[in-house]
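These features come from TrEMBL:
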type	residues	note
DOMAIN	20-451	domain 'Major facilitator superfamily (MFS) profile'
TRANSMEM	21-45	transmembrane segment
TRANSMEM	61-81	transmembrane segment
TRANSMEM	88-106	transmembrane segment
TRANSMEM	112-139	transmembrane segment
TRANSMEM	146-165	transmembrane segment
TRANSMEM	177-196	transmembrane segment
REGION	212-231	region 'Disordered'
TRANSMEM	265-286	transmembrane segment
TRANSMEM	298-318	transmembrane segment
TRANSMEM	330-350	transmembrane segment
TRANSMEM	356-378	transmembrane segment
TRANSMEM	390-409	transmembrane segment
TRANSMEM	421-444	transmembrane segment
REGION	452-477	region 'Disordered'
COMPBIAS	464-477	compositional bias 'Polar residues'
Amino acid sequence: MAQGGAAARGVAKVQDQGWAWMVLIAAVVLQGLTLGFPSCIGVFFTDLQHEFQATNSETSWFPSIMVAVLHAGGPLCSILVKRFGCRFAVMAGGLLSSVGMVSSSFCKSLSQLYLTAGLITGLGSCFSFQAGVTVLGYYFVRWRTLANAMASTGVSIGLTLWPLLSQYLLDEMGWRNTFLIFGGILLNCCVCGAIMRPVKFALGSLTQLPSPGEEPERAEEAQLSNGASSPHLKLQEQTRMITCFQVLQKYLAFDIFCQNKGYQIYTIGVTWMMMGFVLPHVYLVPYAIQNGVEERRAALLISIIGFINIFIRPLTGLLSGQTIFTGRRIYLYSLAVLLCGLSNFICVISAEFSMLIFYCVILSIAMSGIGALTFQVLMDVVEMDRFSSALGLFTILESITLLIGPPLTGLLVDISSDFRYVFYTSSFFLISASLFMVISFCALEKKNKLKDTSKVPPDKSAIYNETPNESQSESQPTLAVVHITSI
């Protein structure tokens with residue numbers, strides 16, 4: 001009992017106050033450097049297309065690979081976080097991102113650019129970003145919604161500054177030297193990682209599953225002592241299968257996907273949505289340039305989106321953190337997705353610069369809701385102790401559509417020579433994803449209410465989890481947080 005009280009006091013000293021706010025500042029900068037960075041790729045789209053004599057589809061593979069790997073590397077990031085901690089994952093990611101961009105400045109073909117800036121930089125950004133998101137979930141409890149919204153303003157700052165900086169450097173020294181400078185800028189992820197003190201949680205009486213390497217070794221020793229060769233081989237095969245299953249369950253959360261309907265619906269909806277969500281970010285600048293907008297003003301459009309996001313995202317976080325929205329944030333999220341899809345019709349109507357500015361204003365408001373709520377909704381539908389694993393599967397699935405969306409749309413543009421199809425396609429995926437999530441969650445909520453026969457009313461924050469761990473709140477001890485400053 002005394003140990004549990006000490007653990008609770010340790011949590012009180014760390015969560016939601018003190019060093020947690022320094023970690024939040026580091027997360028803001030980190031998201032600006034990682035998630036904000038792909039927004040500037042559209043500035044280089046035309047130059048890269050001319051440099052390598054490539055089509056729209058071929059050129060769009062570059063940002064697609066970068067963004068897809070940024071999301072698909074979730075399971076690898078989960079392994080790094082569980083094995084070495086968030087600090088190591090963030091700093092390793094910063095180093096990889098830097099190496100990728102420096103190498104990109106020497107590329108002689110688009111295929112080389114796919115490997116360096118696409119794969120290496122994308123993977124490094126993934127490590128830094130996802131480890132930063134994970135650590136926020138442990139440092140903040142009461143203010144978690146606000147912390148996630150504040151951290152996502154880093155993306156807005158990145159959206160504002162990266163395109164302007166990119167266009168300036170591109171005009172002054174070309175894309176190769178610009179990529180070289182970007183390599184140095186991305187090294188600042190290592191500084192953010194240094195601020196994120198590794199934490200160790202004392203789990204008390206919680207039962208720990210054996211690590212993948214422990215159980216086979218114990219089984220081998222037992223069988224060798226018995227001297228049975230054939231049963232020994234069979235047991236080895238069984239333990240290998242069990243080990244593989246445990247690894248998949250630990251890092252990819254397939255068990256959550258199969259059992260938790262809320263997580264299942266949300267993952268499918270966001271995966272479908274990402275097919276169209278990223279398209280305006282890749283093609284807005286080329287679309288504006290094709291319609292006579294000067295290059296600097298075209299780059300300014302992305303910055304306008306980011307600038308408005310800086311102010312709207314925190315407001316969205318405060319709004320969604322109100323008690324009335326507990327367990328209902330998915331509906332706010334779906335509304336933001338719907339608005340994002342409808343906004344695309346604005347720039348289809350007219351490509352004049354004033355109309356494009358109006359489009360960017362509406363789009364940025366919708367994006368603020370999506371950016372501020374994406375991970376908060378995920379934390380609502382899964383338990384926090386499985387969040388890292390759930391995030392890994394969530395991001396690797398959405399990375400598939402992030403990868404194929406821009407190139408397929410680019411192929412459509414190459415065939416039709418009309419950039420408006422980009423925005424038609426984007427609207428279709430966004431609107432359909434929004435309707436799917438709203439209808440599915442409404443049906444799931446009604447189903448859960450009908451199934452609920454217990455006398456104790458369910459916790460609204462877990463209303464979308466069909467298989468909640470009922471004994472968790474009673475038996476799980478409070479996590480104790482211990483700073484490790486020697487790493």
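Placement of Cβ uses the backbone N, Cα and C atoms for every residue, glycine included.
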Under 8 Å between C-beta atoms and at least six residues away from its ends: which parts of the chain pack against the transmembrane segment (21-45)?
59-60, 62-63, 66-67, 70, 90, 93-94, 97, 125-126, 128-129, 132-133, 135-136, 139-140, 147, 150-159, 161-163, 165-167, 170, 175, 178, 182, 185-186, 188-189, 192-193, 195-197, 281-286, 299, 302, 306
Would you mind listing the long-range same-chain contacts of the transmembrane segment (177-196), meaning Cβ under 8 Å and 6+ residues beyond its ends?
22-23, 25-27, 29-30, 33-34, 37, 44, 86-91, 93-95, 97-102, 104-105, 117, 121, 124-125, 128, 131-132, 135, 166, 169-170
Check the domain 'Major facilitator superfamily (MFS) profile' (20-451) for me and report the mean pLDDT.
82
